[in-house]
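Worksheet: one structure, shown below.
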Amino acid sequence: MSELPYTSHYPNSLPIWDKLKDHQTKLKQIHLRDEFAKDPDRAKRFFKQAAGIYLDYSKNLITDETIELLSELANEAGLPEAITAMFNGEKINNSEERPALHVALRNQSSTAFEVDGENVMPEVKAALNQMERFVWSIHSAQWRGYTNKRFTDVVHLGIGGSYLGPKVVSAALKPYWKAGINLHYVANIDGTHITEELKHLSPETTLFIIASKSFGTQETIMNAKSAKAWFLRNGGEEEDVHKHFVAITANTQKAYNFGIREENIFPMWDWVGGRYSLWSTIGLPIALTIGIENFKNLLAGAHEMDEHFRTAPITENIPAILGLLGVWYSNFFNADSHAILPYDHYLRALPAHIQQLDMESNGKTVTHKGEPVEWSTGPIIWGGAGANGQHAYHQLLHQGTHFLPADFIMPLRTHNHIGDHHALLLSNCLSQSQALMQGKTLDEAKAELKAQGRTDEQIEELAPHKVIPGNRPSNTMLFEKATPKTIGALIAMYEHKVFVQGVIWSINSFDQWGVELGKELGEHIYEIITGAKETNGQDSSTKNLIDLFKQINNRI
Ligand SMILES: O=P(O)(O)OC[C@H]1O[C@H](O)[C@H](O)[C@@H](O)[C@@H]1O
């Protein structure tokens, strides 16, 4: 296993770590409400803009000194060297001996990106051209179904990174969808998912994309087999399969064996991690719905963020600032979760994508050298669409006992002008971060009750319930409009934030060994259910539950 080509460190042994601890003790005394009151320029000082994204990070538990110290932390942990290593194609995914070169997929410059001494840009461009030809042939109905009808529906079969990324982007860019094609996603191995999606579709006009980097993921392969069986059961013939099934994979042979023609297999590369793959051919469903030009704009937006990340000094660098603030809360305030709150119906799938991106990347307990970490790593990512959350979990954000940093995300202009909905949505978004920051004091609560004409006794009883502590941190990320470019930049921003945190924590953000054990055990359990193996060796809980399943389904 190769050493990482940048500084190897334990963050809690860095000289800056103790300084940050002392600083945190001081900072615990401040209240953000007072910081805003005494410094009218606070919002201006903690504000950045890059690649169409406006970041207001003034409602964080920080002072100028915090930013200086965090930037020192980044330097001591070797962040600048790590960024260079990633862009240079070094094997920063050291447990799998691979680079993490998703930035090459959206490269708009003439820079070469090398893997093992070979420039991958010609392959990347060739794959994009293959996508372009395919999208054109479907849109122009040159490529038709087996009864010569044009395609009306595309079903994308994939899971994890081969699902969440395309799903969030295609939903975020719904206003750009070309007329005539409906897109469906099937990820879950639960047969209900595919049954529900296929219910109203016709095999004559349905095209399937099987998206699996490995072409070995149980859920996707099972769904692909069921889709093929549905196709054959409903009129399609074996020799028609190639007209209705295409694949995206790094395992060409397996896709070929499934019945897909070589020219309909789109390449993937092992230097692109699943959760970083929406920019590759895995983005085919995005390109099919929004068109290739818009897909290229998505890549261009991400590239702009890449360039910002690669070149901006740490204190000016949006992903670096976000990553360092995350470290600040995880390691110095013991925050164990982080909320993603998009105020945009089209972006409602964003929390699920960021959840995989962040939790699969940084949910680690050993350093890249395999030594146990003595510091917290990736937080629990959760969230949902605003304003809906305000009428559900925001109560806990405002008055609960947990410390929960949050990101508020919103486009300044809407695609759907209807009444004054958008101004009201923005008011909701801003009022939430304001309430989290300023809270409500006991005196304010009492004054409010008094103004309502409550008796003194009622005021004493009720006021404590109305107190809101405030001083709870959040970021606000705005952009002019949800366009392919801004969505590209937004997602790339989160990717780099996750990388920054992985570097500080000295972990490998690009492997995911933790998901393997469940897969292996699942295979054993399935063999027991089908009778291929005995229950020997199973713990009594699992054995009982298997028996119950077999009994209810008459499989004994
Ligand atoms: O694209 P595939 O090879 O089918 O992989 C799909 C997904 O499954 C794996 O278990 C990993 O947890 C994910 O990172 C990956 O994106």
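Just so it is clear, glycine is given a Cβ too, placed from its N, Cα and C backbone atoms.
Taken verbatim from TrEMBL:
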{"type": "ACT_SITE", "residues": "Glu360", "note": "active site, proton donor"}
{"type": "ACT_SITE", "residues": "His391", "note": "active site"}
{"type": "ACT_SITE", "residues": "Lys519", "note": "active site"}
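This view paints the features noted in TrEMBL onto the structure.
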residue	record	Cβ contacts under 8 Å, 6 or more apart
Glu360	active site, proton donor	Gly160, Arg275, Gln512, Val515
His391	active site	none
Lys519	active site	Gln218
